Amino acid sequence: MTTTTAVPGAAAPARRGLGRYGRRLNEIGLLAAILLLYVVLGASASGFLSLDNQLGLLRNAATIGIAAWGVTLVIVAGEIDISIGPAVAFASVLVAKGAAEWNLGVAGAITLTLLLGVAWGALAGWLRARFNVPSFITTLGLWSVLGGLALYMTDALPVPLPESAVFDVLGGSVLGVPTSALVMLVLFAVFAYVARYTAYGRSVYAIGGNAAAARLAGLNVTRVRVVLFATTGLLAAVTGILLAARLGSGNGGAAAGLEFDVIAAVVIGGTALAGGRGSLLGTFLGVVFISVIANGLVLLGVNPFFQDVVRGLIIVAAVLVNVLVNSRSAANRLT
Amino acid sequence: MSSDTPSSPAPDPGTAPDPGTAPDAGTAPDAGAAANPGTIPAPTSAVVAATRGATKTYPGVRALDGVDFEVRAGEVRALLGRNGAGKSTLIRMLCGVETPDEGTVEIGGTPLAGGGVRRAAELGVGTVHQELSLVPQLSAAENLCLGAWPTAGGRIDHAAVRAGAREAFAELGVDIDPDTPVGELPLAQQQLVEIARALRSRPRLLILDEPTSALAAGEAEIVLSAVTRVAGRGVGVVYVSHRLDEIRRVADTVTVMRDGAVVETAPVRGATTARIVSLMLGRDEAEEARRPAGAVDRSGTPLLSVRDLAVPPKVDAVSFDLYPGEVLGLAGLMGSGRTEVLRALAGFAPSTGTVAVEGAPVARRTPRAMKRLGVGITPEDRKGEGVVPLLGVSENMVLTWFGGASTAATVRPSRVAAIGRGLVERLSIKTARPDTPIVNLSGGNQQKAVIGRWLHARSRILLLDEPTRGVDVEAKAQIYRIVRELADQGAAVVFVSSELEELPLVCDRVLTLRAGRLEQELTGDDITLDNIMTAAMAA
């Protein structure tokens, strides 16, 4: 107590101003990086700025973004969810099987998929909350189980979706904009609101900042943790349904490695892996950043294997800048 | 702070009057007699560390202003002052973390000259910081050797590690098993391991920054006698603490700092508590905590009624009634079960026995049930379990009841801010703004916010676990005042403290707890330090 608090009144406003600036710096920097990418790719990659390409980019962003909204809150709460990729694949298989083979009808298949998504997520959250199994492990278990089930149930073959107007809309566009992108944007608004303006959202921040304090303040930490993972399960199911609708089939091998894109987007967006700090706006920019890079590398004709190398380097570099900015503003706050 | 045996102010030993260098001559009447307020003549032993005219300015604040400070071999020098008085900066300068903007720092006569921590250590400065820096999983012996393992033939010589540790502990006069993982040792022994580690390099100067702030009185005693022993071997000791009783026992001289300057250095013998406090606060009379006023009305239904509460294995058969308007002190040494009682009452620990709120027994004591009945708890470990560091002060307070800041399930930032402003004002929380991250506040202000959290939740039964731990004198007085005000407004407070001398200042009634049982009940004029101490410690 004698170390951090020695500075009274006079210096405080200036420091706080810096701290505020620092907190936004992160998002401003990311926005600048995205604009830079647009300028560079607009000049060097033919077709990058075309409307078709931009809409396609948005559609791809949705695959990452929808799950990333939920994972942002998971990481803010000091947890992690690495099950997104296989969960999306399994959901796409479920909805296809349900509609095509189990005679549940389109609505029934979608409902079943969403409910199961909530259920497996809640299970992982409950194991975390009730028995203190680290969420890395519970979701690693999900990763393996769901990925295995998806391939086992389909023999790794695509399961075609039946003809349906619903799937056509889900996989297509509304007024020219890809449906999945619209879903992503609507859910973004919902999650940004939840994170900032609801007791649940604020509890997530409190728990991520200091779970013991949140518990003693009477917050229901167990329930929040279960809901967090039930949410990411649900969002993975939504993503899986949209993906199946777009591809016209459920595919046990779909979305491989998606979990890492999602986590990368969240962390690039400035959410601290240690919990307690992060924003949906940051994640939104992180999703755009990752999607633009992926799209640009394709347009530039970079070797697909080498694309992973470049993406990996850029992601680490982006997070490094982020951490440096954050530690500087933290230093401003604490001295 | 209480003043114990009053004695006349110490006449300053024969130094040439030099009012020009004496700061605050107006408020500290006899400071003018000291030529060099940071030094005390003790020509018998060598100066081990000194600063001369040390000045340090941070943006917007002068943390140290021309400080002259000297410590001699074998001397235990207490360093006192409120937060922000410059104690930390002075210590950081002595151990090389900070370099003065002007002036010099000398260790053993050699200027430090910006050599940093490494240089300071070479010159013989050992430091024990307030926060323990031990690796809990490693043994006590291994912790002593961290970074400097004795080797034999390129391998770590475990026998030498153990033998070195035994020797180091024997020198301190303590009995610690070198093979026990540090995390399993009691806190006092962990603190001693820290001190032993700082002593390994045979320093001339040992700096102890609040070494006992986490310890109960009995445990602190072990640390204090070790400190005396260290000084007896000719090491100069700088001892920072807020506990005046300890300083009286361990220190030879006391240096009081205020606003970045040394106000006075005097022998501990003869400096009264009231005088020290007034020097620290810069006022002639320290803000006296209000003595409990009228008698508590015990005719109605008790707000909280506890019968045979048992929390295995620590607490058995605790019973008491708590009435509105009452502040009940729960005294006892660390490990006596105080914290367990509070946790059980707030529903965080399974317990047996009956607990009734306003006469109605509570069958299932879950955290949510107890919270709904108006029970609020503040933990002793403020950093670990109290504050959510990165959230704003306001938000740290509304999180007990988001509903109070919401309309139709939407938390309104404007309402959060308004509630925060109200509580900041009501509790005199010093913060730049209500939305400043709470980690930036001093310990005392953090504590007020943690209490404020339960005011927001409209709690009527407040369980305060060590609310003044690690808090400066001024904030302590404010916390006492807040507690009394809450009681006057009809709340009932259970006040747990191991700083026993503060209980007579706030409590209407004190229960002493020893080894999980209620030992004695003290009311009215019987609430004296002596009585409490005797009941808590005596067999």
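Even glycines carry a Cβ here, placed using N, Cα and C.
Nobody curates TrEMBL annotations by hand; they come from automatic prediction.
According to TrEMBL, the protein carries these features:
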type     : residues  : note
TRANSMEM : A:28-51   : transmembrane segment
TRANSMEM : A:57-77   : transmembrane segment
TRANSMEM : A:106-126 : transmembrane segment
TRANSMEM : A:133-153 : transmembrane segment
TRANSMEM : A:173-195 : transmembrane segment
TRANSMEM : A:226-247 : transmembrane segment
TRANSMEM : A:253-273 : transmembrane segment
TRANSMEM : A:280-303 : transmembrane segment
TRANSMEM : A:309-325 : transmembrane segment
### Message
Please determine whether the transmembrane segment (A:226-247) and the transmembrane segment (A:57-77) are in contact (criterion: at least three Cβ-Cβ distances under 8 Å, sequence separation 6 or more).
### Response
yes
### Considering the transmembrane segment (A:106-126), which listed stretch of A:28-51, A:133-153, A:309-325 counts the most C-beta pairs under 8 Å
A:133-153
#### Entry: Top partner of the transmembrane segment (A:57-77) among A:28-51, A:133-153, A:173-195, A:280-303 - counted as Cβ pairs under 8 Å
A:173-195
### Task
Mark yes when the transmembrane segment (A:133-153) and the transmembrane segment (A:280-303) have three or more Cβ pairs under 8 Å (sequence separation 6 or more) and no when they do not.
no
### Query
Can you name the far-off residues of the same chain, 6+ from the ends of the transmembrane segment (A:173-195), with a Cβ under 8 Å from a Cβ of it?
55-56, 58-59, 61-63, 65-66, 69-70, 72-73, 76, 201, 204-205, 235, 238, 242-243, 245-246, 279-281, 284
### Query
Apart from its near flanks, which chain residues at least 6 from the ends of the transmembrane segment (A:253-273) lie with a Cβ under 8 angstroms of it?
26-27, 30, 63-65, 67-68, 71-72, 75-76, 80-86, 88-89, 92, 143, 150-151, 156, 239-240, 243, 247, 279, 281-287, 289-290, 315, 318-319, 322, 326
